[in-house]
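Q: Take this structure first; my questions come after.
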Amino acid sequence: MIEGFACIDPNSNYSFSREKYNTIFLCQYVSANAGCAWYEALSYNFSVQSAVAAYLSRYLPYELSTGDIVLTAGCNHGIEIMMAVLAAPGANVLLPRPGYPLYEARAALGGLEFRHYNLLPEKGWEVDIEGVEALADENTVAIVTVNPNNPCGSVYSYEHLTKIAETARKLGIMVISDEIYEHCAFGSKPFVPMGVFGEIAPVVTLGGISKRWMVPGWRLGWIAMTDPKGILRKRKIFEAIIIYRGISVDPAAIVQGAIPQIIATTDNAFFTNAMNIMREAAEICYQKLKGIECITFPHKPEGSMFVMVKLDMSYFEGIVDDIDFCTKLAKEESVVICPGSGLGMENWLRVTFAVDPPLLEDGLERLKSFCLRHAKPQKAEKTV
């Protein structure tokens, strides 16, 4: 089966794997702390918080402190915490469409209303600022952004992030910036942390080591408060995060113990090499998908590990929608792709390119063959 076109573990790609190297630090920590088998207040591991704060501060115009960092068991845990903390009676949060479904699920579980604003494919999947302003009301508490973007593969410019921050200030809300794909940018626009704009509007950043360090199974993330004016503390948002964190799960102790060394000793060559490989894979994906007549490619991927493409359903015979397409593709070609309906975009597909190049090319050739096989007769003849 061709794995990884829908849900990707970059460590399965030999080109990205760093786990053996990082495991050395895990072993060293376990060896040095063999007698420490008791419970700890792991969410307050100051050496780890300090390492994360120093790491994030490299890219900000001001310094974060250990008190600005809350450790989480992965970025998904951070999403859980933020959606729970904001779930006051009557409150609502603005989520992107297409987007990551866990935000909706966690908001719904806590009784927090969610409203979808659109990302605009014709503008490189930028936020529809006018749409955001139309959706928000006096009960709106936050807007969620994802940059670099999963599922779209876009990277927001400094200018666009400024507009988002200014819109949040105008509406009197915070920005929850999902940056789990931080620095996974390989196009013309560099990654800019939303925290840079914390003076304009308060920013809560969700991040972790899973994507940049290619260790998704280690489940170590963080919530970072970039709020120089102290607005979130005055509103007791930070206090609520700490309280919820106290009744929640902890990141594994041995992973926490290894983090300071991993952050300190990973050289830029590792990150540069990873992005070079990702750029190559994105180009393969772009060129291959451009050659499939029934697929529209509105924006070349510039970041993360994914891209959204649109299906022309009029091309097919016997396929009714994107879910039907992906189901039959998996059965007939052993190629698994995520249907856009699951991300709020019917008759779109999310394709990942974090796959070894030969496997990626093979999978995309199978995709093309599948499309030709299911084309209406006149469409197939035209293509041939």
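The backbone N, Cα and C atoms fix where each Cβ goes, and this holds for glycine too.
Residues or ranges marked as domain 'Aminotransferase class I/classII large' by TrEMBL: 47-367. Per TrEMBL, N6-(pyridoxal phosphate)lysine is recorded for LYS211.
Are these features on the surface or tucked inside, and what are their neighbours?
A: Here the domain 'Aminotransferase class I/classII large' (47-367) returns a mean pLDDT of 96 for the predicted model.
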Q: Give the number of CB atoms, excluding that of LYS211 (N6-(pyridoxal phosphate)lysine) itself, located within 10 Å of its CB.
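A: For LYS211 (N6-(pyridoxal phosphate)lysine), the count of other Cβ atoms within 10 Å is 25.
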